[in-house]
């Protein structure tokens, strides 16, 4: 009680030699893709200040980033339709637990979502994936590519361009089939269509005439393709600025991602007419631009269309290509409406509901969970407001640390130690006692400290609270491990940040 | 050290007068109320008297009262009893996402037995909107269960308005939709008249209104179809087998009588104390917020979220200073999950874990409130000094 009432060694050591953070080693692997505003990026490349999508479908600022050394189990969770992410066992994931009601599909929609630890989830449980919510309509944008001084002959282009159905469909065509040459004297905006897509080519010609007053400079047949070109460096630069250039580097400018759902249909229309394919059975979209593929997923989520996302090695020169399939009846019908194709499809056998939408989320089942041993760096973010972020497969919570321990070390002796905790009474008392017990001791002596010894010094702990005493022990080990990494480059041999066997031991008796 | 009890929503001390009323029914008047001899007649009369007293408290007829072992059993009886009795009429039940586990767990159970349940969301104050109830009603709906007031955040629901919506839908379709309310936190504390509320079923517990533990009742409006869950006797009009909890029921009657008499003056006394506690804490302790509705709340309920620190450690620190309260944060057997109510009103993980509930009672004084504010401030400062979540370390 005394250690709880009057905890010793509370606080921070700003110039600590080792810092141990435990409680929630909630982290993901370095290559986990995170949705930010305007792009999707590996978590290791995200810095504080960046805005990322939260589980509420809105963008929030990252206040802190964390890198931890981790050795232990990693859960790779593969989600139907979306993809997979790898997390540490205790990372909280937004889901509903349907496995207890495996054959009651109708009951699933009534279950309450919650944050579950990765290790609690099972195959069949439903992941909640947020529909991007932020909407901002724009009527027109400035044509912000000035005329060069020496340019006397090029045609006048409008000062503003309306953001209407025409423009958005054209943007879709450019993103999928267009190219921009912006070198001096060769400025060209071009489109390549298959010979049986002449209707789309005509659409482009009329849109550009309506929006910019330009006529095509050339229309050529090459093999089975038709190449349409407009000689205008300014127009080419304008499109490059908004949507990138080169098939692998194109992406949708951020404001277009925020347009009202109804308007975005035109963008999808242009994109799908270019890079997509649609028939009575299925529909497929292929691109080699990673950004665009992940952006299109967001557009489809906003339309509440169920898709399947795949990454595949494409033959030829490109590294990877991204495939989006739409097979579900209602979604396929919606897509046909958007693209302007009539498809007549015989109703399929009714299969059990696999994925569905509500107002805020897309629900998709977990297909498989793989457990692997991992040793290396793992990452986490602290996000203001939503306290969550979105990977390519799920919404992840960013629970903060429950315990931090700071140590000062001189000649292998712990000269000072302090702790901070967001924890219950037992966590406070055990950390206070643990700091007292290791102060002035050698690193080896400190490492030999067990949670049992800490609990005994406190006069015992109730069984349900024993796990809190493990926190203190883990914090000491984490701090020493951090110190060793900082000084020798090598951590504790065989160090595991979160040792499950410890738990068995303490709960066993 | 003088101890301060501010957990009246968990349970209340039994009134001395109630204890007195119960005393003869232990070994002096002990007959089985079902026996027809004089021993039995005597205790039968006592039970019927108690029944009249509790019925009067909620404006019901005595034969509409079914005594149970407590609020949880009453809720179970209402939900499962109505669901199984009306299976042929439909299989849809509507409830809210902030109900007491006695209702929520019952619904989860019914889901495994072929019923489908809609869990209505609540707004940031924890209020269920009558429109959302109306919208959720389908042609298969047989029962709606919405609590009168929430036990954690004290929000009082618009039960009468909800009843009106249900009535409209019920008469449109010509099918009866039953309406149950868990009134464990309200009966005896604020007016709860079954006709004014427009409910068909209402669950009450004795130990929340200065009566004994282990006793409750379910109000069942005449004509409500209900199957019995406990078989083995014709007690309670064949609705619940088992020899009556004689002392408990007598105590319940006595407590109900006192509550009916004192309710008005208690509300007048408690509301300003509640508002003072809210005002003083919010003024004195930064980064603190009130959970639940500012005005539509029980006169005895105060629930704060205190940012950056964990509820259980606040609770333990207060306990060591002699103050008893309650928290929505549970840290036991490895789970660290905050309350479903606090999550339903949209609190973040951190704020939900930093919740603390004070519930006032008839013995609470203004001096106690002052003491609590002072101690809480001290405790919060101490815990924040050791929190890794406080910006800048302090």
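Cβ coordinates come from backbone N, Cα and C, glycine included.
Features of the protein shown, as given by TrEMBL:
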- B:4-372: domain 'Aminotransferase class V' (DOMAIN)
- B:71, B:72, B:151, B:185, B:205, B:206, B:207, B:243: pyridoxal 5'-phosphate binding site (BINDING)
- B:208: N6-(pyridoxal phosphate)lysine (MOD_RES)
- B:331: [2Fe-2S] cluster binding site (BINDING)
- B:331: active site, cysteine persulfide intermediate (ACT_SITE)
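Of all the binding-site residues given, namely B:72, B:151, B:185, B:243, those whose Cα is no farther than the 10 Å limit from the Cα of the residue listed as 'N6-(pyridoxal phosphate)lysine' are B:185.
Looking only at other Cβ atoms within 10 Å, the busiest spot among the recorded positions B:207, B:208 turns out to be B:208. Its own atom aside, the Cβ of residue B:151 (pyridoxal 5'-phosphate binding site) has 25 Cβ atoms within 10 angstroms in the protein chains shown. Shown are the binding-site residues B:72, B:185, B:205; of these, the residue with the fewest other Cβ atoms within 10 Å is B:72. A coil conformation is recorded for residue B:151 (pyridoxal 5'-phosphate binding site) in the three-state DSSP classification, outside any helix or strand.
In the predicted structure, the domain 'Aminotransferase class V' (B:4-372) carries a mean pLDDT of 94.
Here the Cβ of residue B:71 (pyridoxal 5'-phosphate binding site) has 27 other Cβ atoms within 10 Å, regardless of which shown protein chain they belong to.
Its Cβ taken as reference, residue B:243 (pyridoxal 5'-phosphate binding site) is surrounded by 12 other Cβ atoms within 10 Å in the chains shown. For residue B:206 (pyridoxal 5'-phosphate binding site), applying a Cβ distance below 8 Å and a minimum sequence separation of six or more within one chain yields B:70, B:212, B:213, B:214, B:215, B:216, B:248, B:251, B:252, B:255. The pyridoxal 5'-phosphate site in the record is lined by B:71, B:72, B:151, B:185, B:205, B:206, B:207, B:243, and its two most distant CA atoms lie 30 Å apart.
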